[in-house]
Amino acid sequence: MRDFNNAQITRLKVRQNAVFEKLDLEFKDGLSAISGASGVGKSVLIASLLGAFGLKESNASNIEVELIAPFLDTEEYGIFREDEHEPLVISVIKKEKTRYFLNQTSLSKNTLKALLKGLIKRLSNDRFSQNELNDILMLSLLDGYIQNENKAFSPLLGALEEKFTRLEKLEKERRLLEDKKRFQKDLEERLNFEKMKLERLDLKEDEYERLLEQKKLLSSKEKLNDKIALALEVLENTHKITHALESVGHSAEFLKSALLEASALLEKEQAKLEECERLDIEKVLERLGMLSGIIKDYGSIMHAKERLGHVKNELHNLKEIDSHCETYHKEIERLKTECLKLCEEISGFRKEYLAGFNALLSAKAKDLLLKSPSLVLEDAPMSEKGAQKLVLNLQNSQLETLSSGEYSRLRLAFMLLEMEFLKDFKGVLVLDEMDSNLSGEESLAVSKALETLSSHSQIFAISHQVHIPALAKNHILVFKENHKSLAKTLNNEERVLEIARMIGGSENIESAISFAKEKLKAQE
């Protein structure tokens, strides 16, 4: 690719969909035109490509896409790459249900879409649902233009975004504080009750386990006492065994040591049992019940103690709530004043440079044979972008009443400005029948715009007219053979024949071929 930091789809493989039994296409960078007779499966091919990215339902039993996208952060999703420029492989397998994989790692459809968000930008006749020409985009374009013209503008935008984000955070915290203030009395009562309950219990982290052990000992005290007493009685006569061993010349030191250790352990357990005799079983069970309730409510004794500390801190903050509210109020008013001042400065820049930006937009629109649109600044509620919005003025037309061809060309005009001033789109453009219902002159204008965009982004465009295929770097033909749909990348001779077909069908084939050769030669 010309800009290898941008995304590039290098291969598409499809198995068994409604049109293609088998499809395997390799792609290059730049503009790829997709042509073919009506009904052969051009839109199905594009739908398969979009299905791999989760933008459409999968239309095949298996779709596989190889993709280069060095800027994608795949490690967040557990997919590690030694080389960020190595191809990623997206696989979609459809059986009883549809499953998605990235480099053989299974992902949900939503996770895949989140990872690949913004990687594919699609222009089609269903354009208004995408709400692409919104005031956020238009304001970003104007700001990008100003930043390109005047280096003093960018620090203002950065400062406003930082201060406004801080302002929003403080306002949210103040609202929470004011909510607490409204219910301060009730909240204090509840927190004091919880504090008193936890303090009265005097919680110790190992107490619950110790009481459980005591309960266990109490439940089997008599049986254990008898067994320990009998064992100790037996151990009193074990000296006879050691004496006998020594008298016949064998060492009894190991046995003596083991018997002494056993005696000590049994005496220790006997002491525990004697201590249990002084315990009140009812009090032990009552305390265990209380601690069980605490563990159920807080998860553990440790968490309950942490909660007690938090409650004490909350009670302290409630006593200081009026002081905190006043501090928040002063800081918020200070930030508002600073943000408004920045908004005024930003507004001044926008007013100064709007005419120049409108001139550029009009020039792009004129190249695409559109009436000159213009952008008008209007006041808007303050945000991190300022206190203005841009409204698109289409002379005597409304955005909603534009034909699909007019809208697509207008969108192309803005995309050309995006490429020039924002430079933030690193994905792939997919264009569905951009030149349908256009005049030859309009189609030529669209093809030139796409050629310019293809210097920055890989583009796939279904085309019904000759201009896009003639200017395209790659030409893919979808056709039928023996009632089966196939697709292939055309060489130069095949491109001439396909463009000739698009020009004149089967009639006047010689003149059509001659014209096709001229079109291809002109773009070399």
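Residue numbering: from 1, along the chain as shown.
Heads up, the Cβ atoms here are built off N, Cα and C, so glycines get one too.
Noted in Swiss-Prot for the protein shown:
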| type | residues | note |
| --- | --- | --- |
| BINDING | G36, A37, S38, G39, V40, G41, K42, S43 | ATP binding site |
Task = Within 10 Å of each Cβ, count the other Cβ atoms and name the one among the binding-site residues S38, S43 with the highest count.
result = S43
Remark   = When each of the binding-site residues A37, V40 is scored by other CB atoms within 10 A, the minimum falls on A37
Request  = Let me know how many other Cβ atoms fall within 10 Å of the Cβ of K42 (ATP binding site).
outcome  = 24
Inquiry  = Can you give me the residues near the recorded ATP site, meaning same chain, not G36, A37, S38, G39, V40, G41, K42, S43 themselves, Cβ no more than 8 Å from the center of the site's Cβ atoms?
reply    = V478, S485
Request  = Within 10 Å of each Cβ, count the other Cβ atoms, then let me know which of the binding-site residues G36, G39, G41 comes out lowest.
outcome  = G39
Key: Secondary-structure category, per DSSP, in which K42 (ATP binding site) falls   = helix
